[in-house]
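Going by TrEMBL, these are the annotated features:
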TRANSMEM  26-45  transmembrane segment
DOMAIN    34-160  domain 'VTT'
TRANSMEM  52-78  transmembrane segment
TRANSMEM  110-129  transmembrane segment
TRANSMEM  141-162  transmembrane segment
TRANSMEM  168-189  transmembrane segment
Amino acid sequence: MTEAIQLPVILSYALGLAAQLKYPLVVVGTIIEGPVLMVAAGFLYRLDFFDLLPLFLSLMVGDLIGDMLWYGVGYYFADPFIGKFGRFLGITPEMFERGKTFFQRHDVKILVISKITLGFGMALATLLAAGASRVPMRTYLSLNAGGEVFLVGGLLAVGYFFGHVYTFVSAGFRTVFVLAMAVLVVFLIHNFSKYVRRVIS
């Protein structure tokens, strides 16, 4: 039988407020920031706040909705969007044109591998390029869904590991541990993206 875990008061209060809408909130949160939330969800799953199947499906649905939104932006508004907002997202016009060229030759490989590797550090550029290159929606969704299984599973496992470590942390240090874990996850994902983008560029 799993021993009940004592959470920090603020975290317990926030989770209590969200309890009734936890899976819809997971979907919305994943649309906004998928990878970080997937790790956090794995952490909370280890602490028995979620059931695995609805959690897994909610993460997949949220990430696929986000992928469809960016595909739509790329399909209809790619050039003006990149020109106006690309610098804020780390996407240069040259990077975007290179992505479109790759898609014309290797669309299937790029979509699958990009999903598994967090977009080679250029997730948004990849999704926008898919739309701008007119990759068929059925192909786009089926390939993304396939890669999604590995992405969600892998990041849930990372979060589960952190959650397991958390159970061994003494009560007085748990708030610090949660904050440190959150900073570490964001730092690693951000710097992985920067590193891969620099290597490819």
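Heads up, the Cβ atoms here are built off N, Cα and C, so glycines get one too.
Curation does not apply to TrEMBL; its annotations are automatic.
Keep in mind it's a predicted model, so treat the numbers as computed, not measured.
Mean per-residue pLDDT, taken over the domain 'VTT' (34-160), amounts to 84. The DSSP breakdown of the domain 'VTT' (34-160) into helical (H, G, I), extended (E, B) and coil residues amounts to 113 helix, 0 strand, 14 coil.
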